[in-house]
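The domain 'Cytochrome oxidase subunit II transmembrane region profile' annotation in TrEMBL covers 1-91. Annotation source TrEMBL lists transmembrane segment at 27-51, 63-85. The feature domain 'Cytochrome oxidase subunit II copper A binding' is assigned by TrEMBL to 92-225.
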């Protein structure tokens, strides 16, 4: 969960998000080194008199400043492509959940179970319990087992939405008439919050996403109770 004046990302709760954080730090260090070098060159150019002919006209320097950016781009591109393929890879999911965006709430269908589905609305401020977050808490949470590959099928019924949970490294557009697919694995128990990340109308900011990761035995008890209530 993000907190006021936080400068970095939320703590990672999935392996993919951990990789994204590592790549962010990797790219940030490269940007910092480039910025330092450019700043030094600017200061040196302004404060010194460049009269050395080997600096003013040098093929070696031109070769260096042509090859060096290419090498830097490769150092950024290779880890980026690796993470891109990791995010698209879905191997033998243990659970498939269909998330459908509406104006302005989410519907969840557990496709591996018969008649296990519910709508998830934002809790009004006056109904919040102590410790719950305003504009982020929902009346029904999407419950998933920990350390299990979860496949999410995302669609919409009316307008464009986007199903996004930053701590899990998941963001997928919900398009009417189209079924998009993504996946995640929660590496630890907890409650993770997200919001619709597409401007979908007047109540765009009032359709939160709440994912609760629990051990497998608790998930089985929860699913049994939900099926009995249905």
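Along the chain as shown, the residues are counted starting at 1.
Cβ coordinates are placed from backbone N, Cα and C, and glycine is handled just like the others.
Automatic, uncurated: that is what TrEMBL annotation is.
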The domain 'Cytochrome oxidase subunit II copper A binding' (92-225) [mean pLDDT, rounded to integer]: 94
The domain 'Cytochrome oxidase subunit II copper A binding' (92-225), counted residue by residue under DSSP: helix, strand, coil: 19 helix, 61 strand, 54 coil
